[in-house]
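For reference, the structure discussed in these notes is given below.
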Amino acid sequence: MGKLTLLLLILLGWLQYSLWLGKNGIHDYVRVKDDVVVQQGNNAKLKDRNEQLFAEIDDLNGGQEAIEERARNELGMIKPGESFYRLVPESNHRNANTPSSTNTSSNNTQR
């Protein structure tokens, strides 16, 4: 009986080692499980991006409005007979109106 018990304990120890520390053990399972979660997140982002691209393709295939909007926004195109007005931000407008000291001094010396 003693030899059988010893053999079973050795077998149990080997199985526990394989389960916890061996190839395809608990550590590998946890690592792969985390990798799967990360990959599912990436897949969800890519799926959303693909849906947006398919919607954009459908808009472009659907008619002239989407093509016209894209030409206006991305290429700055206008229709014949339209006027284009560029709005300058307030900070740039103030900087353009205030004369610098070098311009003032050069104007005074020329008179």
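Each residue's number is its place along the chain shown, starting with 1.
Every residue gets a Cβ built from N, Cα and C, even glycine.
The transmembrane segment annotation in Swiss-Prot covers 4-21. Listed by sequence, the residues of this chain that lie at least six past the ends of the transmembrane segment (4-21) yet keep a Cβ under 8 A from its Cβ atoms are 27.
According to Swiss-Prot, the topological domain 'Periplasmic' annotation covers 22-111.
Among the features that Swiss-Prot reports, coiled coil is placed at 33-63, with the record citing sequence analysis.
For 88-111, the entry in Swiss-Prot reads region 'Disordered'.
Look at Swiss-Prot and you will find 97-111 tagged as compositional bias 'Low complexity'.
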Within the same chain, the residues 6 or more beyond the ends of the coiled coil (33-63) and with Cβ under 8 Å of it are 70
Please work out the mean pLDDT for the residues of the coiled coil (33-63). 94
